[in-house]
Structure formats: structure tokens, C-alpha cells
Ligand SMILES: [Zn+2]
Ligand SMILES: [Zn+2]
């Protein structure tokens, strides 16, 4: 890393230092100036209540912020990287169509669980990291790495917001709003007293209270907008990047491609199944960051349109959700029935047990297999 790289790395911490400085100042203004210097003389129970609640909100906010900053993105698994021989083969080819076919053959051979494509229909490949990008993975130019389920690179946390820390980031926004709202609402009466001239004579203290109120309201409103946006993204199972540019599947670009079909399902993909962990900044997101359940028609169209990809279906991540998706597209009706056939005179000739298996595949094509085992009559 050159001098420029070191300078950029150091500069990357400025927004974090700024936020930390604002929090430290707000701590002084709230705890010392408001609670100790103003409230101590007026109401000790109120002061204690404010101090306890303030510290609870502060700790929750700092924990989420800390985890968002210091949770490093997981590295892309080694099987997605091209080996030296594969890289040689890929780079020796000049024709773009052939390059696409080479990458497709790597995906097939390695049985990589990939559903997304480029706009041209090829595999998504990172020329910098020399890897086939897993679904929802993007190259971050700031981190200079491919990041799993990359949402965006956030300067305020000097880190990529991605699969590993997205829950922490949303909690960070949530607790920032709670912290700022609590400060604003409890400082409001003293802010009003300032304008009425009832806040004492010390000018520095009065301005601390006024600035504390303005800062809390300003941060609360600006983060609220961001929180609304990320709530929508969480509930629809999209990343910020995907909301600007829809992921491309076999059937084309589709913003809903990774949706679990319900707000609840999408929420649980980020926050996990257990409610008790939802508000705590510990990692509970589902999956491995590499493979994602996709809408049924993608799996189905992959299988129907390209026979040689069939193995991918079986080799894909065998999660419960993926199995559930398969059930959604395939209705296997197995019946075992005993019946009698009637002769022309209307007399039952007798029957036996037959097995009828009916597979119905819905998708871009349709396929019905009807298999009857055994003789229907004897
Ligand atoms: Zn990359
Ligand atoms: Zn980044």
C-alpha cells in the first residue's frame, strides 16, 4: 500500500471520528449541563430517570454502531475463484461468447449455486478479484474486494454494509433515532425555557442546551429518512444496489427475484427467526451469504430451458426454503387406487391396485408426466 493508500485509509476514519466527537459532546451536554447543572437543583428523581434511560439508549446505539463498524465482510469462498489453469484458459480466449461459455462450464463443473446473470446473459465475473460473483455479490471499489450481498459502502461506519452487518446497520439506524428522539423530547422543555429567559444566566450552558436540541432533531430526521428506506428494503428483500439496478435472472431483470414472498419472510432473512434476538446486535441473519432462495420460476426455468443445468438444481443449497420453493412449483400427486371396470353388461369384472404418479411443472414451459404402473385390469 502506497502513501496515497495510507492517506485514503486514514481519511476514511474522519466521518467515524466526527460521529464519535458529536456523541461525546452530546454526552457532556446532556449528562453534565442538563442533568447535573440544571436538573439536580430542580428534581432529583427526574434527573435519575433521565440518566438511566439516556444510558440505556446510548449503550444500545453504541453497540450497534460498533458492530457495524468492526464486522468485517466474509470473504468469498475459494470455489468461486478461478484456479490458475482456469484463469489461463479464460484469459487465453478472445471471443466474448466463448468466455461466457467457459465461465458457464466452470459454474456447472463446480456446481456453484448461482442464479443471477449479467444483462448479456453471461456469468457475473470480477476481473479484479478473478472470481465468479456469487448472487448479490458486488465489487466494492473502496474495500477493493468482492463483498457478499453488498448493500453499499457507508462512510459513516467506514465499512461495507453487507450480508454480515446489515442487521447491525439497521439496528444502528433504529437506535440512533431512539437516542436522538429521547434527547430531543427531554431537552424540549429546557429549550422552551431558553426562549422564555428562564434557563439561568450562564450563556455557555444555555447554548449547549439549544445546540443539543437542534442536533438531536436534525440527526433524528435525517436518519429517519434512511431508516424508512432500509425498512422498505428489508421487507422487500432488496439491497440498496438492487433497488437501483435490479438483479438479472434467466427471465430478465427482477427486483422481486430474491423476495421470500412476504414481509415477514423477508424480515426474518435479515433478523432471524427468534424474536428475542431481533433488537440485539448479534448476528442472526439466515443463510451463508453466498446462496439465496430464488423465486420458483427461476429454478424451474433453469431446469426446463437448459438441461445441462439440471444438476445445479439438485446441487444447490438444500435449505428448507429452497425445498419449499420446489414444492411450490411441483405438485406431485401420487394416488394409489383400487377400482373396478365394468364390462358391456354392466357387471364388475374385478379390479386391482394401480399406482398413478402425476407430476405437474409450471413455469415458462409446462410439463406433465403421467405414469401408470401395473395393469389396470386383469
Ligand atoms: Zn471483486
Ligand atoms: Zn466497501
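Cβ atoms are placed via backbone N, Cα and C, with glycine included.
Unlike curated records, TrEMBL annotations are generated automatically.
Features of the protein shown, as given by TrEMBL:
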type: TRANSMEM; residues: 12-40; note: transmembrane segment
type: TRANSMEM; residues: 46-66; note: transmembrane segment
type: DOMAIN; residues: 123-244; note: domain 'Palmitoyltransferase DHHC'
type: TRANSMEM; residues: 168-192; note: transmembrane segment
type: TRANSMEM; residues: 207-229; note: transmembrane segment
type: REGION; residues: 301-378; note: region 'Disordered'
type: COMPBIAS; residues: 322-333; note: compositional bias 'Basic and acidic residues'
type: COMPBIAS; residues: 334-346; note: compositional bias 'Polar residues'
type: COMPBIAS; residues: 351-364; note: compositional bias 'Basic and acidic residues'
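For the domain 'Palmitoyltransferase DHHC' (123-244), DSSP puts the residue distribution at 70 helix, 16 strand, 36 coil. For the domain 'Palmitoyltransferase DHHC' (123-244), the model gives a mean pLDDT of 94.
Beyond the transmembrane segment (46-66), the same-chain residues lying 6 or more positions past its ends with a Cβ under 8 Å from any Cβ of the stretch are 19, 23, 27, 30-31, 34-36, 39-40, 157, 168-169, 171-172, 174-176, 178-179, 182-183, 186, 281.
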